[in-house]
Every structure is written in structure tokens, then in C-alpha cells.
């Protein structure tokens, strides 16, 4: 039986690691997984978890792949012994948190290079063969930060908004080739994502005005509460990837519906005013009165904490 060949980027931790393990250990034994990492020196936790989960021999291999380097992507593609990739998962990503005016150019460039250009490089490497074979699935790890603007995530949201446009454009184009692109839209997930944010050096915050620094402190407290109270387990999110593979292809699958009321609000009021007001209240209001919450556009559900935390 030919196994479905899956290649996943960004497998050193988080969603990528958990998805690689979930597919490699699937009871059907129908997947061959290539888990790729920028630095193979970080593959220890992946193999340790694979042993503990009893992944069958040959179900999982690791490859070095740095989405920032087209040669690295091409080299990884060449090392896939089956000569094809049936499912490509573009998962590698990077975040950037803080006031826009304090971000160093290098940090901004790094996030855009990994999240946007890196995804493009990966697709450029693998799509041509899928089109020639007239078969393939592409799953891209999306984010609520690609569907709505989140405060102090301007560059991250810009990159994820770009991914939405990229994938939607390809989704329109590729079905005649038998290739389907899907976004797995995630809310906050319990991963090392926050630890891997492009950091804002402590002194750099002095470049922002005092009111912005105060708002950033309030947002950080809000973010900590969200990840403490509402973040999903990575295993729960990986099941959404499997559901996507097993179902008729759709452009978007959602790991949680908690932020959909705010996403709908963006469409319901094209001016954007209702969304901006609701998001600002959700993040920065100091415990508003119950009647004010109920009066928010769309009702109290718009104040759901996950609406203001990115994956």
C-alpha cells in the first residue's frame, strides 16, 4: 500500500512537532512523514516523543529545511526518497510583539522573510510537481491574526494577512490541476510560540511614548491571561489538520470558533468602525460594566478573550 507522503515545515516544537507525531503514529499506518527543521540539532525532543508514542519504523524522517533559503528547501525536496510529496504542510512561522515604532528593521524583515517569503519559497519548490501529477494537498497554518488586526501585532498580522491572500489566490487557481490549498485557522495554542517571538529589547520600549508603553503592559497582561485560560492544546489543533485531510477540500478550517464573532463583525460593517471599537474594548477596557458588554456590537460574545491573542 502506497503511503501518503507528508512534508511539514517547522517541526522543532509546537504544532509542527505534534502534527508530525500524530500522522506518523496514526493507527492506519497510512502516512510517511518528513518532519523538517531549520536546525537538526533541535530534533531530540521530536525523536524522544516518537519513541514514546511508538511510531512504526520508517514512518518518520527528519530533514534540514530553512524556509529562508531556497537552496535548503530544494535540497530537502531532493531527499524525499519517494520522489513526491502528497501533502505539504507550511507551518514554519515567527511572531513579533510590541509597539511598531520600536521594532528593529532586522526583526521586521525576519518575520516577513519566514512567514511570507518562506511560505512562497516552499510552495514554489513543491507545487510544480503536484501540478504535473495533478494531485496534492497544501495545508497552511493560519492564524486569527490573518483574519483581524490585533494590537501590538502589526507586523505579524501583516504577514498573516499576506498568507491569507496568497492561499486564497492559489485556491482559486489550482483545482483544475487536482491541487487544493487550505488554511488551518488557529487561535491561541499552548506552544513555545510566545517564547520564539522576535524580541523587543527592554531598552527599546523607551522609544515609545508613555501612553503606548502603558497600553502595551495592559496588552501583555491580557495576553498572559488568554494563554492561561483559553489556549488550545496542540493535540486538539492537530486533529483539525487530520479532519482537513479526510474531508472534502475547503479553503479554511477553524481550530476554534471563539473568535468568529469578531471576524464576522469585520464583514458585517465594511467601514471597520464596529470591529475596531469592539476589539479595543476587548483588550483595553478596564472590566467594563455588564450592561456595556451586552451593548457591544454583536453582543457579549465579542468580548471573548481569545479574540485578542494570536497563534
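Cβ coordinates are placed from backbone N, Cα and C, and glycine is handled just like the others.
What TrEMBL says about this protein:
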ACT_SITE  156  active site, proton acceptor
BINDING   10-38, 66, 160  NADP(+) binding site
BINDING   143  substrate binding site
REGION    287-311  region 'Disordered'
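Cβ packing within 10 Å was compared across the binding-site residues 30, 143, and the lowest neighbour count falls to 30. Using CA atoms as reference points, the binding-site residues 14, 18, 30 were checked against the residue listed as 'active site, proton acceptor', and the closest is 14. With a cut-off of 8 Å between CB atoms and residues at least 6 apart in sequence, the same chain places 242 near residue 26 (NADP(+) binding site), listed in sequence order.
Shown are the binding-site residues 10, 14; of these, the residue with the fewest other Cβ atoms within 10 Å is 14.
Note: the Cα of residue 10 (NADP(+) binding site) and the Cα of the residue listed as 'substrate binding site' are spaced 15 Å from each other.
Separating the Cα atoms of residue 18 (NADP(+) binding site) and residue 143 (substrate binding site) is a whole-number distance of 17 Å. Listed in sequence order, the residues of the same chain lying 6 or more apart from residue 34 (NADP(+) binding site) and placing their CB within less than 8 Å of its CB are 5, 6, 7, 8, 61, 62, 63, 76, 80, 85.
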